[in-house]
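> Please see the structure below; I have some questions.
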Amino acid sequence: MDRAVGRVALENEEREAKNTWRFVFRIAIFLLIVITLAISAAALVYSMEASTPGDLVGIPTVISRAEEKITSALSSNQDVVDRIYKQVALESPLALLNTESVIMNAITSLSYQINGAANNSGCGAPVHDPDYIGGIGKELIVDDASDVTSFYPSAFQEHLNFIPAPTTGSGCTRIPSFDISATHYCYTHNVILSGCRDHSHSHQYLALGVLRTSATGRVFFSTLRSINLDDNQNRKSCSVSATPLGCDMLCSKITETEEEDYSSVTPTSMVHGRLGFDGQYHEKDLDVITLFKDWVANYPGVGGGSFIDNRVWFPVYGGLKPNSPSDTAQEGRYVIYKRYNDTCPDEQDYQIRMAKSSYKPGRFGGKRVQQAILSIKVSTSLGEDPVLTVPPNTVTLMGPEGRVLTVGTSHFLYQRGSSYFSPALLYPMTVNNKTATLHSPYTFNAFTRPGSVPCQASARCPNSCVTGVYTDPYPLVFHRNHTLRGVFGTMLDDKQARLNPVSAVFDNISRSRITRVSSSSTKAAYTTSTCFKVVKTNKTYCLSIAEISNTLFGEFRIVPLLVEILKEDGV
């Protein structure tokens, strides 16, 4: 019993001792916390000099500024990401596609030649310098924002003249035609020995060449093959086109004046010729009796043709045989194009009557003067599978000289302003199954041509006339959706006379600052323009081949005028 009581007493003493030590430990911890807080408060007061709530008012502003800096940095990073995406997803694939296109064109050209070696088509395809890869036949300026007329031509640049000139006072070189492909260019003009008005005999100069860059970086045109067709065949109104087999050319063979030809009852003889890469020329007469059975006169459009879908497409115009199926199909058809902000004051019925009469000018005996497009299959056989397209006159004006051209994936037909409408016209053209379809044209109100009254440069009403001059525009500035914004060209800046050639960039209403060939009294005639880019330097150039009056050697000298396209700052 005593032992049990003693054990209980001992346990009570041990429990009291533990409780005492717990209490002492808690007091010690509490004192330590108080001392730590006191020291921390003292240190805080010392370091911040006892900041009050008023001192913290500016903190939200500081935080806001920090947020702005962070947001700006993130935005900058997003711009970088966007540029990287644009480069990787858009620009690089397009560049690769351009390069692929050039390579495929070159391979196609070589393939044609290899397959045609047995037919003397020649080997050794010429190719432009690598600096031009992806810069020929492309949309050169793609810009949705800048004013078209902020682009303008430089002063004319000295370069190698690749065009032969007359060597006597009675010599005449006229009617230049030019076309360039991804691999080579083609050029032709007519040579008359006894003055420009002789229709009975002439030569035809035809050349094939490539674009080169000199050691100092200058552009020049290098002629590799040329021929002077002096064989008693009077070729006229020739159009040339660069194709995978060389330089294809369409000409009429003339033995009478134009007025006499329109008075005849049979079509005009035509030939499809080719200057091959080996320097040999061959040609074949077309079966005009079948192909132009509804025509009394038919001529190539003078301007260059274009190689599209394994066919070469040439502009054609001439007179339809009265009451023939083609003539009957156009009866009553007409179109009226209007000047920008300059309405014709004539009554509508009178305008319609005059518009209809404009297709049958009195100069050609009232024959309907019609626009057409001729496509020919490009093969080692000349004149193969020709197909003639006659567009409706609800789209086209009276048939004049013209040009077919391709830029990027777009095709166009230029119509010379031989009728009442003075501003330059470019019709979008689509091709399908060997035929062409023309659509409502782009018009360039400030790109006019001189003409006789009542169809002078400022004319605004439909009338019957045969006037004007060939001055084609070249598509230069595009929207990103591939629609055309502006063109380059060399116009004759006079109301009635063939005077004052000037080069400029044109939108649908106005023009850029000009580059003048010489004085305003300088005589000139036909001009044909083509633009390209030196990809290595990213510089865009335009070539205007122009007939400029000559006072000593011949009536005209054909001059290749070269400019660089510049841009005004901040426009």
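Quick reminder: no glycine exception, Cβ is built from N, Cα and C everywhere.
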> C344 has a disulfide partner in Swiss-Prot; which of C238, C247, C455, C461 is it?
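Among C238, C247, C455, C461, the record in Swiss-Prot lists C461 as the disulfide partner of C344.
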> Need the cross-check against Swiss-Prot: the disulphide partner of C186, picked from C172, C238, C247.
C247
> Of the ranges 156-161, 234-239, 252-257, 510-515, which one does Swiss-Prot list as region 'Involved in neuraminidase activity'?
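Of 156-161, 234-239, 252-257, 510-515, Swiss-Prot gives region 'Involved in neuraminidase activity' for 234-239.
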> Can you sort out which of C455, C531 is the disulfide partner Swiss-Prot gives for C465?
C455
> Under Swiss-Prot, which of the candidate ranges 66-94, 124-152, 269-297, 414-442 is annotated region 'Important for interaction with fusion/F protein'?
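It is 124-152 that Swiss-Prot annotates as region 'Important for interaction with fusion/F protein'.
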> Compared by Cα position, which of the glycosylation sites N341, N433, N481, N508 is the closest one to N538 (N-linked glycosylation site)?
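Closest by Cα: N481.
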> Closest to N433 (N-linked glycosylation site): which of the glycosylation sites N341, N481, N508, going by Cα position?
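Closest candidate to N433 (N-linked glycosylation site), judged by Cα separation, is N481.
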> In whole Å, note down how far the CA of N508 (N-linked glycosylation site) lies from the CA of N341 (N-linked glycosylation site).
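So the Cα of N508 (N-linked glycosylation site) lies 12 Å away from that of N341 (N-linked glycosylation site).
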> What counts of helix, strand and coil residues does DSSP assign across the region 'Involved in neuraminidase activity' (234-239)?
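So the counts come to 0 helix, 5 strand, 1 coil.
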> Please name the residue among the glycosylation sites N341, N433, N481, N508, N538 whose C-beta has the most neighbouring C-beta atoms within 10 angstroms.
N508
> Do you know offhand how many angstrom separate N481 (N-linked glycosylation site) and N508 (N-linked glycosylation site) by C-alpha?
17
> Take the topological domain 'Virion surface' (48-571) and average the pLDDT across it for me.
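That stretch averages a pLDDT of 90.
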